[in-house]
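This is the feature table in TrEMBL:
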type     : residues : note
BINDING  : G83, T86 : Na(+) binding site
TRANSMEM : 39-63    : transmembrane segment
TRANSMEM : 70-88    : transmembrane segment
TRANSMEM : 108-128  : transmembrane segment
Amino acid sequence: MWLGVCIFLAGGLGALCRATLDAYVTARWRRRVSGPFRAFPAGTCLINVSGAFVLGVVTGFAAANTSGSARDFATVLGVGFLGAYTTFSTEEWHTLGLLRGKAAVEAWNVLGSLVASLLLAGLGLWLGSRF
């Protein structure tokens with residue numbers, strides 16, 4: 001039961017962090033960038049890429065430390081916090097919005113965030129397994 005409560009609380013914290021970071025990054029991006037790349041969802045991209053990295057670290061840590069507490073920690077952080085923090089559906093929503101005449105921005109959004117997420121998840125997995 002405590003594991004479920006911890007996942008619930010971590011999920012609330014992850015959602016709060018996502019909303020706060022997205023608003024902050026998006027506002028700064030739009031003040032500093034002009035032209036078609038002003039529409040790039042920088043906040044969502046940063047959130048998903050950083051979430052992939054942290055999930056890689058957590059997964060690597062849990063795989064290298066097979067104790068029950070390491071698995072519980074990975075579950076709370078991975079399912080609870082990162083499940084609420086990262087957002088695939090918002091990424092796709094932004095991509096659909098970019099389809100309206102901003103093909104270069106859309107391609108950068110899809111390919112850039114995918115490649116960066118995969119690379120950082122792999123790096124995180126490697127780093128996490130070193131703990």
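Yeah, the Cβs are placed from backbone N, Cα and C, and that goes for glycine too.
Looking at the shown structure, can you explain where the listed features end up?
Taking the Cβ of T86 (Na(+) binding site) as centre and 10 Å as the limit, one finds 21 other Cβ atoms among all the protein chains shown.
Using a Cβ-Cβ cut-off under 8 Å and counting only residues 6 or more beyond its ends in the same chain, the transmembrane segment (70-88) has close neighbours at 3, 6-15, 17-18, 44, 47-48, 51-52, 54-55, 58-59, 61-62.
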Please list, in sequence order, the residues in the chain of G83 (Na(+) binding site) that are at least six apart in sequence and whose C-beta is under 8 Å away from its C-beta.
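Listed in sequence order, they are G11, G14.
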Take the transmembrane segment (39-63) and find every residue of the same chain, 6 or more past its ends, with a Cβ under 8 Å from one of its Cβ atoms.
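18, 21-26, 29, 33, 70-71, 73-74, 77-78, 82, 85-88, 90-91, 94, 97-98, 102, 105, 108-109, 112-113, 116-118, 120-131.
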